[in-house]
Amino acid sequence: MLKRFNICRLDITYQYKSSLCFQIAQQCKYSSSRKSVPQKLKITPKPPDGCTTDLIGPPDTVSNIRPVQFYVPPNETTAEKMFRLRRAEVLEWNQSFWAHHNSKFFKEKDQYIQSHQSKDVDGKPSLSPEELSVFYRSFLNENRVAHLNYNKEWYKKNISMLWPALKVAVIRLRRKFRKSS
Amino acid sequence: MIIIEKQIEDEFFIQTRNKKTSITYNLIREVYAMPKCHVSALMCRLILVGQQSSQRQISSWSCLVSHPIKKEPKEVTWSRKRYTRLLATKAAATTPKCASTKSPTDPQPIKVLESVKNDGEVPVHTVDIDKEDFVTLHFKKTSRLIKIKAKHVAENTSLHIQHNKDLYHLDKLSSTNISWAPFAGSSRPLPSSSLKITVREPGPDKTNPGTNIESIHDVEWREQKFEPKKLVEYYKMLSKIRLTGLVVLTTMSGYWIAPGSFHPSTFVLCSVGTALTSCAANSVNQFFEVPYDSQMNRTKNRVLVRGLLSPLHGVGFAVVSSTVGLSLLYFGVNPVVAGLGAFNLGLYTLAYTPLKRISMINTWVGSLVGAIPPMMGWAACTGSLEPGAWLLAGILFSWQFPHFNALSWNLRPDYSRAGYRMMSVVDPALCKRVALRHCFILTALCLAAAPLGVTTWMFAADSLPLNMYLCYLGWQFYRKGDSNSSRKLFRFTLVHIPALLLLMGISKATFGSLDKESKVTPQSESIS
């Protein structure tokens, strides 16, 4: 009789950070189930070697800014070098601003939740969206000046990089043209 | 994706409280509207009963179970059609590209799961499942899988063990034990040690895109090289093609509703010119917003954020398309339209975009941006801006508020972190009030269309139900102010504006008399 209620277990170790690898492993498992050979696909968050272009990475877990690994061509001109260094500098500036800003946001949010939460019926701590929106507003207002400065600075940096970018694009295009001809 | 039919033959039974069809519907909704699949645990040969924990309903199951199950199978069918419809209504969900799709005719069973056969006890093992994880139901005979979020299983289903006639609620997620529910004809509770489910609490804050991994593109390193084959796709993304489509739609309807004669060439030139100008505006906007877009789940996949195109490329695209678009408008249509287009481009990129970080006023400026395209269409037709053009602009202006305020309501955490001074964050009460106010203004403007001679009175009548429903949803949003009501309002606004413009188009005052441009005045007089 008991055979009718077989409840089985699939052995899966599951962690947040590896959720993607896991997902793929699962899919492979099903797709290859016809042959019953489970396969695993692994993705390592490291830039591959030996590329001849710039590499753009996954977003940073705190700042959400994507890192870039710049490719240095063997016959790099000064204009190219200046542009590359400038880009790296701006990227670093963005990274540090948002890393600092976001960690501050999550820290203050946690603190706010800790100090304002009330126990609900089940004894579980809870905080309604209305109460949280108070925090969102105050955080936004507190950081108004910082954001205005950042915005102004970012506009300047972003626009000032357009002209060097154009110069570099022309240089690269010429180089490509020379190679092919 | 797997569709299940005739699951009864698999000794799998999904039964409902009230009407079988309605609960099946609910279950499907929960099963299929899922963007991702993570965990596959399995259950075999259980009876899942849709339930709410009240005594009355439990008693109704007892008779349900006492019937031989095989009498009722035909009514419980899940069809592909219904699934497609449900998926279509779920805007945020993406179709999972799960490789578990098998052809329904595939006779071979999946052998992933190993069954445990034990004679002494009911062999139930502990499974750790995250709230948001997916439990896959595996139908052995037909080798099909369906996925349900663990929390939905926990909230909506009971576990009925036929042999013991025991019924277990799985409704307490945080508890380590399944609570035992008294079931008719049964007096013996199962020892809780043999039946155990633990559910982990959700992990990190998923509003931060860096910790919210949704696809392979969120973890891989990618070479930044020029890919001509994908260029069209990237340009579409860069110009926010759906938004541009909506803008062009409003322009087209402006042209159509205007009382002038219809010239196909002008109509096409005006549409293309407006589309290109809109593309340019969106590209420049994205060029300015790269670090800000990176901060939000909604925008983190934009081309410039992902580095699929370089910022220079984006600006180049904007320069070319704005030049072409504005010259089409200037030389092909008329200077008034080109002027409006240029003004709108400037307003969007130079005023609205930076204002988002400076002041709450940005919503009004953004609405102005949305109001100008129909005026462009109107001016393309008549060459000047009559009251009707302003009315049309007013309708679009008012529509923006319920639309955008409802959208921004659920994005408050993101906006707060990314530094956007949106009305929903800075002044939530005002946000709701303004949305409701403009629902009413919109209704009034639609009623004013006939006296102004833009449409016939038919429009006043047939737009009314549409606007009344908008007002109702706006009122709900104002009263409740929760994520559900705002989502409803937002979705409806997406249907509302094309429908309204269509109604306006079919009941325009000069309909059927395209060559008589002076028709406007006599008709409005004859009505009044």
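From the backbone N, Cα and C atoms, a Cβ is placed for every residue, glycine too.
All TrEMBL annotations are machine predictions without curation.
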For which of the residue intervals B:23-42, B:303-322 does TrEMBL record transmembrane segment?
B:303-322
Would you kindly list the residues that approach the transmembrane segment (B:391-411) from elsewhere in its chain, counting only those six or more residues past its ends and only Cβ-Cβ distances under 8 Å?
250, 253-254, 257, 296, 298, 363, 366-368, 370-375, 378, 422-425, 431-432, 434-439, 441-442, 445-446, 448-449, 452, 454, 470, 473-474, 477, 481, 483, 486-487, 489-490, 493-494, 496-497, 500
Where else in the chain does the transmembrane segment (B:303-322) make close Cβ contacts, counting only residues six or more beyond its ends and a cut-off under 8 Å?
217, 222, 224, 230, 234-235, 237-239, 276-277, 279-281, 283-284, 286-287, 290, 293-294, 345
